[in-house]
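Okay, structure first, notes after.
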Amino acid sequence: QDLPGNDNSTATLCLGHHAVPNGTLVKTITNDQIEVTNATELVQSSSTGKICNNPHRILDGIDCTLIDALLGDPHCDGFQNETWDLFVERSKAFSNCYPYDVPDYASLRSLVASSGTLEFITEGFTWTEVTQNGGSNACKRGPGSGFFSRLNWLTKSGSTYPVLNVTMPNNDNFDKLYIWGVHHPSTNQEQTSLYVQASGRVTVSTRRSQQTIIPNIGSRPWVRGQSSRISIYWTIVKPGDVLVINSNGNLIAPRGYFKMRTGKSSIMRSDAPIDTCISECITPNGSIPNDKPFQNVNKITYGACPKYVKQNTLKLATGMRNVPEKQT
(Lines of atoms letter the chains of each structure in order from A and count residues from 1; the text may use other names and numbers.)
(Lines give C-alpha, C1' and ligand atoms only; values in the text may rest on other atoms or scores of the structure.)
Protein backbone atom coordinates (compact mmCIF):
# COMPACT_ATOMS: atom_id res chain seq x y z
CA GLN A 1 0.00 0.00 0.00
CA ASP A 2 1.39 3.38 -0.99
CA LEU A 3 1.13 6.17 1.58
CA PRO A 4 1.44 9.79 0.42
CA GLY A 5 4.02 11.93 2.16
CA ASN A 6 4.05 15.68 2.83
CA ASP A 7 6.66 16.18 0.14
CA ASN A 8 4.65 14.36 -2.53
CA SER A 9 6.85 11.25 -2.00
CA THR A 10 5.39 7.85 -1.11
CA ALA A 11 6.22 5.15 1.47
CA THR A 12 5.41 1.46 1.33
CA LEU A 13 3.75 -0.43 4.25
CA CYS A 14 4.06 -4.22 4.11
CA LEU A 15 1.39 -6.26 5.94
CA GLY A 16 2.33 -9.81 7.02
CA HIS A 17 4.14 -11.66 9.83
CA HIS A 18 7.71 -12.34 10.86
CA ALA A 19 9.46 -15.40 9.42
CA VAL A 20 12.98 -16.77 9.85
CA PRO A 21 15.13 -18.93 7.57
CA ASN A 22 15.55 -21.69 10.17
CA GLY A 23 12.65 -22.11 12.57
CA THR A 24 12.22 -24.50 15.51
CA LEU A 25 10.18 -27.69 15.27
CA VAL A 26 7.72 -28.24 18.11
CA LYS A 27 4.99 -30.75 18.91
CA THR A 28 1.37 -29.73 19.26
CA ILE A 29 -1.75 -31.68 20.19
CA THR A 30 -2.58 -32.24 16.53
CA ASN A 31 0.83 -32.29 14.86
CA ASP A 32 4.26 -33.65 15.79
CA GLN A 33 6.23 -31.34 13.50
CA ILE A 34 5.19 -27.70 13.49
CA GLU A 35 7.82 -25.09 12.67
CA VAL A 36 7.67 -21.87 14.68
CA THR A 37 9.81 -18.78 14.63
CA ASN A 38 10.97 -19.24 18.22
CA ALA A 39 10.63 -21.76 21.10
CA THR A 40 11.98 -22.19 24.63
CA GLU A 41 13.32 -25.52 25.95
CA LEU A 42 11.58 -26.58 29.19
CA VAL A 43 13.65 -29.67 30.09
CA GLN A 44 17.04 -29.54 31.80
CA SER A 45 18.87 -32.54 30.33
CA SER A 46 22.41 -32.24 31.72
CA SER A 47 24.17 -31.74 35.05
CA THR A 48 27.31 -29.86 35.96
CA GLY A 49 29.01 -33.17 36.82
CA LYS A 50 29.82 -31.93 40.33
CA ILE A 51 27.91 -31.44 43.58
CA CYS A 52 27.79 -27.83 44.77
CA ASN A 53 28.46 -27.26 48.46
CA ASN A 54 26.27 -24.17 48.71
CA PRO A 55 23.61 -23.40 49.93
CA HIS A 56 23.21 -26.98 51.22
CA ARG A 57 25.66 -28.44 53.77
CA ILE A 58 27.17 -31.47 52.02
CA LEU A 59 28.93 -34.16 54.07
CA ASP A 60 31.19 -36.39 51.97
CA GLY A 61 31.15 -39.94 53.36
CA ILE A 62 34.47 -40.66 51.57
CA ASP A 63 35.11 -44.35 52.41
CA CYS A 64 32.44 -44.65 55.15
CA THR A 65 28.79 -45.55 54.88
CA LEU A 66 26.38 -43.65 57.10
CA ILE A 67 25.73 -46.76 59.20
CA ASP A 68 29.45 -47.40 59.77
CA ALA A 69 29.82 -43.77 60.85
CA LEU A 70 26.82 -44.22 63.16
CA LEU A 71 28.21 -47.35 64.83
CA GLY A 72 31.70 -45.93 65.21
CA ASP A 73 33.80 -48.06 62.87
CA PRO A 74 37.41 -47.03 63.71
CA HIS A 75 38.12 -45.69 60.22
CA CYS A 76 34.99 -43.49 60.49
CA ASP A 77 35.85 -41.77 63.79
CA GLY A 78 36.14 -38.44 61.97
CA PHE A 79 32.37 -38.36 61.50
CA GLN A 80 31.53 -38.32 65.21
CA ASN A 81 28.92 -35.63 66.03
CA GLU A 82 28.84 -34.40 62.41
CA THR A 83 25.80 -32.70 60.84
CA TRP A 84 24.59 -32.38 57.25
CA ASP A 85 21.82 -31.42 54.89
CA LEU A 86 22.89 -34.12 52.44
CA PHE A 87 25.15 -37.08 53.29
CA VAL A 88 26.89 -38.36 50.14
CA GLU A 89 27.77 -42.07 50.21
CA ARG A 90 30.50 -43.21 47.81
CA SER A 91 30.77 -46.52 45.94
CA LYS A 92 34.25 -47.00 47.45
CA ALA A 93 32.87 -47.04 51.05
CA PHE A 94 33.74 -50.13 53.08
CA SER A 95 33.35 -51.61 56.57
CA ASN A 96 36.48 -52.34 58.59
CA CYS A 97 35.23 -53.63 61.94
CA TYR A 98 33.45 -56.70 63.32
CA PRO A 99 31.18 -58.18 60.61
CA TYR A 100 27.55 -57.25 61.20
CA ASP A 101 24.12 -57.07 59.62
CA VAL A 102 21.16 -54.78 60.16
CA PRO A 103 17.85 -56.66 59.69
CA ASP A 104 16.14 -53.46 58.47
CA TYR A 105 19.14 -51.60 57.09
CA ALA A 106 17.23 -49.26 54.76
CA SER A 107 14.90 -48.02 57.51
CA LEU A 108 17.74 -47.24 59.93
CA ARG A 109 19.74 -45.52 57.18
CA SER A 110 16.77 -43.39 56.19
CA LEU A 111 15.94 -42.54 59.81
CA VAL A 112 19.46 -41.32 60.60
CA ALA A 113 19.85 -39.53 57.26
CA SER A 114 16.67 -37.50 57.77
CA SER A 115 17.80 -36.52 61.28
CA GLY A 116 20.87 -34.83 59.78
CA THR A 117 23.16 -35.39 62.75
CA LEU A 118 25.40 -37.94 64.49
CA GLU A 119 25.30 -35.99 67.75
CA PHE A 120 25.91 -38.58 70.48
CA ILE A 121 25.42 -38.30 74.23
CA THR A 122 27.17 -40.85 76.47
CA GLU A 123 25.10 -42.17 79.38
CA GLY A 124 26.09 -43.92 82.59
CA PHE A 125 24.72 -47.43 82.12
CA THR A 126 25.60 -49.70 85.04
CA TRP A 127 26.64 -53.20 84.01
CA THR A 128 27.56 -55.27 87.07
CA GLU A 129 29.45 -58.58 87.26
CA VAL A 130 30.28 -58.62 83.56
CA THR A 131 33.37 -57.62 81.59
CA GLN A 132 32.92 -54.49 79.49
CA ASN A 133 34.67 -53.07 76.43
CA GLY A 134 35.14 -56.31 74.51
CA GLY A 135 37.19 -56.10 71.33
CA SER A 136 38.31 -58.11 68.33
CA ASN A 137 41.24 -58.28 65.93
CA ALA A 138 38.61 -57.91 63.19
CA CYS A 139 38.22 -54.30 64.31
CA LYS A 140 41.64 -52.73 64.76
CA ARG A 141 41.81 -49.44 66.61
CA GLY A 142 45.45 -48.52 66.33
CA PRO A 143 47.77 -51.50 66.83
CA GLY A 144 45.41 -53.40 69.16
CA SER A 145 42.01 -55.02 68.94
CA GLY A 146 39.03 -52.71 69.12
CA PHE A 147 35.31 -52.36 68.54
CA PHE A 148 32.60 -49.96 67.44
CA SER A 149 33.02 -46.83 69.56
CA ARG A 150 29.27 -46.37 70.13
CA LEU A 151 28.73 -49.94 71.38
CA ASN A 152 29.85 -51.87 74.46
CA TRP A 153 30.50 -55.61 74.07
CA LEU A 154 29.70 -57.35 77.38
CA THR A 155 31.14 -60.78 78.22
CA LYS A 156 31.39 -62.95 81.32
CA SER A 157 33.35 -61.91 84.40
CA GLY A 158 35.25 -64.91 85.72
CA SER A 159 32.80 -67.76 85.36
CA THR A 160 29.57 -65.79 85.73
CA TYR A 161 27.26 -63.78 83.53
CA PRO A 162 24.25 -62.74 85.62
CA VAL A 163 20.88 -61.64 84.32
CA LEU A 164 21.22 -57.95 83.45
CA ASN A 165 18.28 -55.63 83.99
CA VAL A 166 18.99 -51.94 83.35
CA THR A 167 16.63 -49.00 82.90
CA MET A 168 17.28 -45.56 81.43
CA PRO A 169 14.49 -42.93 81.47
CA ASN A 170 14.13 -40.18 78.89
CA ASN A 171 13.66 -37.05 80.96
CA ASP A 172 14.36 -34.73 78.04
CA ASN A 173 11.95 -33.19 75.53
CA PHE A 174 13.28 -34.92 72.40
CA ASP A 175 13.40 -38.43 70.94
CA LYS A 176 16.46 -40.55 71.67
CA LEU A 177 17.83 -43.20 69.33
CA TYR A 178 19.55 -46.16 71.02
CA ILE A 179 21.67 -48.55 68.95
CA TRP A 180 22.30 -52.03 70.36
CA GLY A 181 23.15 -55.48 69.11
CA VAL A 182 23.17 -59.23 69.59
CA HIS A 183 26.25 -61.41 69.11
CA HIS A 184 25.83 -64.69 67.21
CA PRO A 185 28.79 -67.00 68.06
CA SER A 186 29.99 -69.47 65.47
CA THR A 187 30.09 -72.47 67.85
CA ASN A 188 28.58 -73.65 71.13
CA GLN A 189 32.06 -73.53 72.65
CA GLU A 190 32.42 -69.86 71.73
CA GLN A 191 28.98 -69.21 73.24
CA THR A 192 29.81 -70.67 76.65
CA SER A 193 33.36 -69.30 76.73
CA LEU A 194 32.00 -65.77 76.30
CA TYR A 195 28.64 -65.88 78.08
CA VAL A 196 28.60 -69.08 80.24
CA GLN A 197 24.97 -69.89 79.33
CA ALA A 198 24.41 -72.27 76.44
CA SER A 199 21.79 -69.93 75.04
CA GLY A 200 21.54 -66.19 75.57
CA ARG A 201 18.66 -63.77 75.19
CA VAL A 202 18.32 -60.01 74.74
CA THR A 203 15.09 -58.08 75.35
CA VAL A 204 14.87 -54.32 74.84
CA SER A 205 11.62 -52.57 75.75
CA THR A 206 9.87 -49.24 76.11
CA ARG A 207 6.25 -48.58 77.04
CA ARG A 208 5.47 -48.63 73.32
CA SER A 209 7.56 -51.52 72.02
CA GLN A 210 9.47 -54.68 72.87
CA GLN A 211 12.06 -56.68 70.95
CA THR A 212 13.36 -60.08 72.07
CA ILE A 213 16.25 -61.62 70.14
CA ILE A 214 17.61 -65.15 70.59
CA PRO A 215 21.15 -65.59 69.18
CA ASN A 216 21.59 -67.99 66.27
CA ILE A 217 24.72 -70.04 66.94
CA GLY A 218 26.46 -71.25 63.81
CA SER A 219 29.31 -70.60 61.43
CA ARG A 220 29.00 -67.97 58.71
CA PRO A 221 31.34 -67.14 55.81
CA TRP A 222 34.65 -65.79 57.10
CA VAL A 223 34.98 -62.01 57.09
CA ARG A 224 38.11 -60.33 58.50
CA GLY A 225 38.98 -63.54 60.34
CA GLN A 226 35.51 -63.97 61.90
CA SER A 227 32.75 -66.51 61.20
CA SER A 228 30.58 -65.04 63.98
CA ARG A 229 28.24 -62.10 63.40
CA ILE A 230 26.58 -59.20 65.19
CA SER A 231 23.03 -58.12 64.40
CA ILE A 232 22.32 -54.42 64.92
CA TYR A 233 18.96 -53.16 66.21
CA TRP A 234 17.63 -49.81 67.34
CA THR A 235 15.02 -48.40 69.70
CA ILE A 236 13.52 -44.89 69.82
CA VAL A 237 12.63 -43.65 73.29
CA LYS A 238 10.09 -40.82 73.40
CA PRO A 239 10.13 -38.06 76.05
CA GLY A 240 8.73 -39.41 79.32
CA ASP A 241 9.28 -43.04 78.28
CA VAL A 242 11.93 -45.41 79.63
CA LEU A 243 14.39 -47.83 78.03
CA VAL A 244 14.59 -51.28 79.66
CA ILE A 245 17.35 -53.76 78.73
CA ASN A 246 17.17 -57.35 79.99
CA SER A 247 19.71 -60.01 79.02
CA ASN A 248 21.45 -63.15 80.20
CA GLY A 249 24.10 -63.11 77.46
CA ASN A 250 25.13 -62.02 73.96
CA LEU A 251 24.28 -58.35 74.52
CA ILE A 252 26.07 -55.63 72.58
CA ALA A 253 25.04 -52.72 74.79
CA PRO A 254 24.55 -49.04 73.92
CA ARG A 255 26.91 -46.47 75.40
CA GLY A 256 24.38 -43.66 75.06
CA TYR A 257 21.95 -42.21 72.54
CA PHE A 258 21.81 -40.21 69.35
CA LYS A 259 19.78 -37.02 69.56
CA MET A 260 17.03 -37.17 66.97
CA ARG A 261 16.06 -34.09 64.97
CA THR A 262 13.29 -33.41 62.50
CA GLY A 263 14.11 -31.73 59.23
CA LYS A 264 14.67 -32.17 55.53
CA SER A 265 18.12 -33.77 55.62
CA SER A 266 18.73 -36.74 53.35
CA ILE A 267 21.28 -39.15 51.89
CA MET A 268 22.38 -39.86 48.33
CA ARG A 269 24.72 -42.35 46.67
CA SER A 270 26.96 -40.54 44.21
CA ASP A 271 30.54 -40.49 42.96
CA ALA A 272 30.31 -36.93 41.63
CA PRO A 273 33.01 -34.65 43.11
CA ILE A 274 32.03 -31.93 45.58
CA ASP A 275 33.01 -28.43 44.50
CA THR A 276 32.68 -24.84 45.69
CA CYS A 277 29.69 -23.53 43.78
CA ILE A 278 26.04 -22.63 44.28
CA SER A 279 23.09 -24.78 43.23
CA GLU A 280 19.72 -25.42 44.86
CA CYS A 281 19.22 -28.79 43.13
CA ILE A 282 21.43 -31.87 43.50
CA THR A 283 21.21 -35.23 41.71
CA PRO A 284 23.57 -38.25 41.84
CA ASN A 285 24.92 -37.04 38.47
CA GLY A 286 25.77 -33.65 39.96
CA SER A 287 24.04 -30.34 40.57
CA ILE A 288 21.67 -28.95 37.96
CA PRO A 289 20.17 -25.49 37.36
CA ASN A 290 16.58 -25.07 38.49
CA ASP A 291 15.62 -22.38 35.97
CA LYS A 292 13.50 -24.82 33.94
CA PRO A 293 10.27 -26.46 35.12
CA PHE A 294 11.36 -30.01 34.15
CA GLN A 295 14.49 -32.20 34.15
CA ASN A 296 15.34 -35.69 32.93
CA VAL A 297 18.80 -36.01 34.52
CA ASN A 298 17.78 -38.28 37.41
CA LYS A 299 14.68 -39.27 39.38
CA ILE A 300 16.65 -38.91 42.63
CA THR A 301 17.03 -35.30 43.71
CA TYR A 302 17.65 -33.14 46.75
CA GLY A 303 16.67 -29.51 47.17
CA ALA A 304 14.54 -27.19 45.05
CA CYS A 305 14.51 -29.12 41.78
CA PRO A 306 12.60 -29.17 38.50
CA LYS A 307 10.03 -31.95 38.16
CA TYR A 308 11.44 -35.18 36.66
CA VAL A 309 10.02 -36.23 33.27
CA LYS A 310 11.03 -39.03 30.89
CA GLN A 311 11.03 -36.80 27.82
CA ASN A 312 14.36 -35.51 26.54
CA THR A 313 12.80 -32.30 25.32
CA LEU A 314 9.65 -30.25 25.77
CA LYS A 315 9.46 -26.93 23.96
CA LEU A 316 7.21 -23.96 24.58
CA ALA A 317 6.43 -22.05 21.38
CA THR A 318 7.17 -18.39 22.01
CA GLY A 319 6.81 -17.28 18.38
CA MET A 320 4.31 -17.63 15.57
CA ARG A 321 4.13 -20.42 13.04
CA ASN A 322 7.07 -20.03 10.69
CA VAL A 323 6.16 -19.71 7.00
CA PRO A 324 9.29 -18.58 5.16
CA GLU A 325 8.83 -16.84 1.81
CA LYS A 326 9.20 -19.25 -1.09
CA GLN A 327 11.30 -17.91 -3.95
CA THR A 328 10.30 -18.98 -7.45
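Every residue gets a Cβ built from N, Cα and C, even glycine.
Record features (Swiss-Prot):
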| type | residues | note |
| --- | --- | --- |
| CARBOHYD | ASN8 | N-linked glycosylation site |
| CARBOHYD | ASN22 | N-linked glycosylation site |
| CARBOHYD | ASN38 | N-linked glycosylation site |
| DISULFID | CYS52-CYS277 | disulfide bond |
| DISULFID | CYS64-CYS76 | disulfide bond |
| CARBOHYD | ASN81 | N-linked glycosylation site |
| DISULFID | CYS97-CYS139 | disulfide bond |
| CARBOHYD | ASN165 | N-linked glycosylation site |
| DISULFID | CYS281-CYS305 | disulfide bond |
| CARBOHYD | ASN285 | N-linked glycosylation site |
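Rounded to the nearest whole angstrom, the C-alpha distance between CYS281 (disulfide bond) and CYS76 (disulfide bond) is 28.
A Cα-Cα distance of 38 Å separates CYS277 (disulfide bond) from CYS139 (disulfide bond).
Candidate recorded positions: CYS52, CYS64, ASN81, ASN165, CYS305. Nearest to CYS139 (disulfide bond) by Cα distance: CYS64. Across the structure, CYS97 (disulfide bond) and CYS64 (disulfide bond) are spaced 12 Å apart at their Cα atoms. Of CYS64, CYS76, ASN81, CYS305, all annotated as recorded positions, the residue with the shortest Cα distance to ASN165 (N-linked glycosylation site) is ASN81. Within the same chain, residues at least six positions away from CYS305 (disulfide bond) with a Cβ under 8 Å of its Cβ are GLU280, CYS281, ILE282, THR283, ILE288, ASN290, GLN295. If you measure from the Cα atom of ASN285 (N-linked glycosylation site) to that of CYS52 (disulfide bond), you get 12 Å. When the neighbouring Cβ atoms lying within 10 Å are counted for each of the glycosylation sites (ASN81, ASN165, ASN285), the highest count belongs to ASN285. Reduced to three states, the DSSP call for CYS277 (disulfide bond) is strand. Around CYS64 (disulfide bond), a 10 Å sphere centred on its CB holds 24 further CB atoms from the protein chains shown. In sequence order, CYS64, ASP68, ALA69 constitute the residues six or more apart from CYS76 (disulfide bond) in its chain with CB-CB distances below 8 Å.
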